[in-house]
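Feature list (source: Swiss-Prot):
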ACT_SITE  Glu254  active site
BINDING   Gln11, Glu71, Ser140, Gly144, Thr145, Thr179, Asn206, Asn228  GTP binding site
BINDING   Glu71  Mg(2+) binding site
Amino acid sequence: MREVLSIHIGQAGIQVGNACWELYCLEHGINPDGSIIQDFNKKKNDDAFSTFFSETSTGKRVPRCVFLDLESGVIDEVKNGRYKNLYHPEQLICGNEDAANNYARGHYTIGKEIIEIALDRIRKLVENCSGLQGFLIFNSVGGGTGSGLGSLLLERLSLDYGKKSKLGFTVYPSPQVSTAVVEPYNSVLATHSLLEHTDVAVVLDNEAIYEICQRSLNIERPTYTNLNRLIAQVISSITASLRFDGALNVDITEFQTNLVPYPRIHFMLSSLAPVISLEMANHEQYSTAEITNAAFEPNSMMAKCDPRRGKYMACCLMFRGDVAPKDVNGSVAAIKTKKTIQFVDWCPTGFKCGINYQPPTVVPDGDLAKVDRAVCMISNSTAISEVFSRINKKFDLMYSKRAFVHWYVGEGMEEGEFNEAREDMAALEKDYEEVGSESQDLISNSFF
């Protein structure tokens, strides 16, 4: 079997993880305690669940995942939540002291104490796999644990499991909404690590998803639960082809092969369509062409950047439900004729499509309406560099005054690491600029 391990780090990683496992359980007919819903699997392929779940001798399903945090608050929520009996107690790992929004605490001082325990649990999970395909890593880069401990874990996974794919779902700071003053520092330091130690990183940002919830689902004040359930739908769509049958299934390494033209250019935009509320669903039915167009709308993007201001290098469309290959071909052909959707001239085709017959599942009493067909798009666009430029500007404003730097140095970090990480970000911005430039000749050897 081609198993995938999920690692959820820090508050954002764990809360997104909760929403994902809630959805996977519904999709695979698994109760909150890991038992199987009777008669559910008769109509589905029986071992679909084993990519993400292992099976105990008593027939209980256990998620192949680890939840990791430096303080116990969010892990306690999982331990006392609806799915408390789903996870093995050893999969929920927490320390006693939090990272206090400080990358250096997560990476050097507090993180060092917990990393060996985490790697030991991961090793046990890996030993329980017959053919590990790779890791999914969930974290945010604004806080201390997600950025610091997240980077440390990625570095160690590269050492221990060098050849395995690492796919990151990374929450970046929002342009307007900030949860910590030092977010720009943490983000730049963590991206420096993501560049080297992930193969594909899907960039998410709370503000963009917040606006989708307000606009498309008519939720006046979206909560993290609303946001995370929407993120879970994207992650479920990306991983559906690892778990269910379809006409064109997409493997984790295929994402890499099709989306990443140069190793460093691996930060992806994602979108989902249709996102419709329960009251709208009764009056509307969306065709394959309509949902494909909707996925390319700037408003549908799960990160704050405008793809019309950049060029696409590659694009993965994962369709679910009642979708025929000929409709997909027609929709993609129509997209290619649109002037607003520009591809770089050295990559004229740029589309990878997957079709999965499992229709989208929604959480009962949730905000999303059940639909017959949906599409999730993961695209590699030069527009994503807007996210980095924004963070770099904020970093420069603070770092020019050396504001807050003593908190990092006090935790054993060298000040030179700030400069090194910032230079790497400047190089990344330049890489994106070169890739989007008109001619292939301008692309230098700096990518290799």
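Here the Cβ of each residue, glycine as well, is placed from N, Cα and C on the backbone.
Distribution of Swiss-Prot features across the structure.
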residue : record           : contacts (Cβ under 8 Å, 6+ apart)
Gln11   : GTP binding site : Asp69, Gly73, Val74, Ser140, Gly143, Thr145, Gly146
Glu71   : GTP binding site : Cys94, Gly95, Asn96, Glu97, Asp98
Gly144  : GTP binding site : Gly10, Leu70, Asp98, Ala99, Ala100, Asn101, Asn102, Tyr103, Arg105, Gly106, Asn186
Thr179  : GTP binding site : Gly142, Gly143, Pro173
Asn206  : GTP binding site : Val171, Ser174, Val177, Leu227
Asn228  : GTP binding site : Gln15, Val16, Asn18, Ala19
Glu254  : active site      : Lys352
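Within 10 Å of the C-beta of Thr145 (GTP binding site) there are 35 other C-beta atoms, taking all protein chains into account. Under the DSSP three-state reduction, Asn206 (GTP binding site) is assigned to helix.
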